[in-house]
Amino acid sequence: MARKTADRKFDSLGLQFRSPENCIMTADFAGALSFILIIFYNCSDQVINTKYQRVAKSREAAARHARETAQARERWGLVKDVAKKRAFGLQQQLSRSFSKKMSVKQGARGAFNLPKTNDEASIPPKGSSSSAGKGKKKEPSDLTKMMHSIENETDNMEGFHMQIGDKNIKKQAINAKKLHTRSQIFKYAYGQLEKEKAMEQKTKNMTFSGVISMATDDNTEIKTRPPIEIAFKDLTITLKKKHKHLMRSVTGKLMPGRISAVMGPSGAGKTTFLSAVAGKLTQCTLSGMVLINGRAESIHSYKRITGFVAQDDIVHGNLTVEENLRFNARCRLAADLPKADKVLVVERVIESLGLQAVRDSLVGTVEKRGISGGQRKRVNVGMEMVMEPSLLILDEPTSGLDSSSSNLLLKALRREALEGVNICMVLHQPSYTLYKMFDDLVLLAKGGLVAYHGPVKKAEEYFANLGIAVPDRVNPPDHFIDVLEGMVKPGGGVTVEQLPVRWMLHNGYPVPPDMMQLCDQIAMSSKGVAAAPDQSFPVDAWHEKRDSLSHGLLKSHDLSNRNTPGVNRQYRYYLGRVGKQRLREAQIQAADYLILLVAGACIGILSSQKGDTFGYSGYTYSIIAVSLLCKIAALRSFSLDKLEYWRERESGMSSLAYFLSKDTIDHFNTVIKPLVYLSMFYFLNSPRSSFGTNYLVFLCLVYCVTGIAYVFAICFAPGQAQLWCVLVPVVLTLIANQEPDSTAGKLAKFCYPRWALEAFVVASAQRYSGVWLIARCGKLLELGFDVHSWNTSLILLILTGVVSRLIAYVCLVCLKKK
């Protein structure tokens with residue numbers, strides 16, 4: 001009783017009483033929380049590393065098993081070949097001996113007219129069956145029949161279609177859908193890779209025995225993808241505001257199964273051409289004809305099977321190489337594709353790009369060193385290869401790569417082209433070896449005009465007919481680019497300006513009116529018009545109709561025939577990825593918690609808890625501090641990976657799954673941060689309201705300000721978003737403290753700091769009763785608060801958070817990349 005009277009005396013005097021129990025509890029709670037933060041700070045990365053060590057062991061065991069199996073199969077094949085050769089030699093030797101013996105006997109019998117012996121009489125004639133109890137003669141095998149068919153009738157290919165080998169091979173084949181454990185999946189993937197290596201080695205030196213081996217194997221069918229052929233005629237690209245031509249009168253085709261190289265001097269429009277083909281041009285007007293597989297369809301209808309590799313390496317730096325590739329494979333491959341086949345696709349890309357040594361290494365960011373620049377470039381390309389595209393467009397994929405890495409990349413792309421992929425890429429000064437690996441060449445002159453578009457093998461012949469011969473020991477593409485740049489003067493009376501017009505005239509393409517004077521110069525020249533190479537792009541195949549094209553004119557409906565995972569499955573994939581990223585950012589999270597601890601301690605000590613004000617000043621400072629710190633921390637969710645999101649959205653991934661996964665992971669901070677702040681503020685300030693009541697109000701406040709921060713992070717640049725996050729809580733809190741009858745006070749009813757303050761004060765007022773509450777009702781009336789509005793204030797805070805998130809999602813979907 002005396003203790004309560006003393007508490008009330010301290011309270012009536014406006015003093016704050018802190019019991020020794022509160023001080024001890026504060027110290028214990030702070031120590032326990034600090035210990036948890038230290039463990040979280042140091043051990044978060046170790047959790048992921050431990051898991052990946054187990055996965056690496058399983059993967060290495062599967063790879064070793066696959067190699068040993070392949071080596072055993074190879075040794076067994078060699079043994080069988082040796083045995084067959086020896087058996088065949090022994091058979092020939094016995095056949096010769098038997099034939100020689102029979103011929104001697106027959107000769108002697110013919111000379112002396114001797115009768116047949118019993119042994120000779122018992123030998124059945126050729127083609128007859130023995131009746132001496134041995135039954136029917138064993139029929140030759142299918143393999144023997146096929147070999148006799150091919151040897152006797154070399155022009156007849158029917159023998160190759162005969163069924164040979166084990167009839168139950170297909171039944172014995174591994175079903176990828178039945179593989180569930182990690183070891184089974186890895187064994188299947190590496191086993192298939194070893195088979196592909198063996199098949200590739202066989203195809204290098206194909207012999208008759210190699211043909212027989214391929215015929216006996218049921219898995220020799222070459223996998224093909226849906227073809228995408230892009231044809232364009234008189235394609236012209238113009239800037240909307242400046243009315244400047246970026247490209248003019250571009251006509252040609254990009255064929256499936258071929259690799260096209262786009263080259264030219266700087267400013268010729270190479271990247272613009274690729275962006276137009278991929279449908280990624282903005283602020284431009286496209287005119288002319290663009291046909292996809294012979295129809296006027298939008299390229300966006302095939303975005304699920306179209307890959308675009310930008311010039312910049314847009315890769316998640318806080319993920320490993322394998323994590324980046326596996327996430328793209330999961331979200332962009334067909335939903336019904338078994339997990340084992342998806343793992344096989346990822347492993348095939350990792351091996352073809354030479355990324356085995358860094359598969360478990362972080363890609364790295366500007367602040368944290370990761371893999372090398374060349375490896376990062378290959379990861380950027382691999383992220384599009386793992387989705388098995390039918391059209392692959394690459395903007396300078398070899399920039400920053402050495403010759404060895406460039407050759408490795410081109411070989412990987414060549415394997416993609418063998419499956420029917422249409423590949424088009426921009427290059428700058430490729431080596432002669434790389435140049436010869438391409439099928440077609442698109443050579444652009446300044447102004448976006450085509451100087452050559454045809455096979456690589458006929459480029460030198462075409463320019464030689466114009467009088468532009470490539471000197472000895474000079475790389476042909478370098479010489480062509482120097483001529484178009486004006487650094488080397490072409491011979492034969494040809495000027496640089498005439499080259500695009502000559503190409504138009506050679507192929508019968510229409511010449512723009514402002515370039516007709518160049519036609520007169522060409523007609524007057526002594527060389528005349530050079531013979532054009534064989535055309536793969538006949539003009540008669542085009543319709544005479546001329547359309548104006550842009551992204552919005554053609555309604556894009558999906559024609560890719562690929563059902564990718566839905567929102568629910570992509571949400572799970574995104575959730576796992578964001579969770580790993582947060583664990584790797586544990587140091588930043590721990591720093592946020594530490595700052596909240598310091599802020600709670602400072603405000604709890606400095607702000608006095610007076611009974612007649614219900615701790616109004618302390619709660620005001622707390623709202624500003626918590627709002628500011630939580631908003632700035634929430635900016636990282638959407639500000640740091642905007643480029644990665646735009647790339648994923650343009651490739652067809654779900655924006656809703658992306659947004660919900662970010663928000664779901666941030667709910668962890670929404671729950672923990674109020675607890676961290678109150679661990680210091682509550683026990684040092686000792687408010688009248690309970691800990692649970694204060695926690696609920698802070699929980700709703702953090703949920704509200706996090707949603708507002710999402711809007712700032714999505715709509716503004718990082719610097720501007722931080723400025724808004726600092727300015728908004730301070731200004732709104734000042735408005736919330738104005739007189740209720742003033743103009744600013746009327747606006748305060750729509751400010752979230754006002755609702756949070758009202759909830760805190762009402763929660764403290766409800767702890768009083770009787771005369772103690774009546775004595776303080778004047779302060780409540782002065783502030784304009786209602787004792788019964790605690791629930792209403794919390795609901796308004798939650799609704800503000802929900803509405804802010806809806807606005808943020810709409811902005812995320814509607815705002816385009818600048």
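Yeah, the Cβs are placed from backbone N, Cα and C, and that goes for glycine too.
Some features that TrEMBL has for this protein:
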{"type": "COMPBIAS", "residues": "124-133", "note": "compositional bias 'Low complexity'"}
{"type": "DOMAIN", "residues": "230-472", "note": "domain 'ABC transporter'"}
{"type": "REGION", "residues": "111-143", "note": "region 'Disordered'"}
{"type": "TRANSMEM", "residues": "590-607", "note": "transmembrane segment"}
{"type": "TRANSMEM", "residues": "619-638", "note": "transmembrane segment"}
{"type": "TRANSMEM", "residues": "667-684", "note": "transmembrane segment"}
{"type": "TRANSMEM", "residues": "696-719", "note": "transmembrane segment"}
{"type": "TRANSMEM", "residues": "794-815", "note": "transmembrane segment"}
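Of the ranges 619-638, 667-684, 696-719, 794-815, the one with the most Cβ pairs under 8 Å to the transmembrane segment (590-607) is 667-684. The list of residues near the transmembrane segment (619-638) in space but at least 6 beyond its ends in sequence, with Cβ under 8 angstroms from a Cβ of it, reads 585, 588, 592, 595-596, 599-600, 603, 607, 645, 662-663, 666, 669, 673-674, 677, 681, 698, 701-702, 705-706, 708-710, 712-714, 718, 721-722, 725-726, 728-730, 733, 737, 753, 756-757, 760-761, 808, 812. The average pLDDT computed for the domain 'ABC transporter' (230-472) is 89. Among residues of the same chain six or more beyond the transmembrane segment (794-815), those with a C-beta under 8 A of the stretch's C-beta atoms are 638, 645, 655-656, 658-659, 663, 696-697, 700-701, 703-708, 710-711, 713-715, 752, 755-756, 759.
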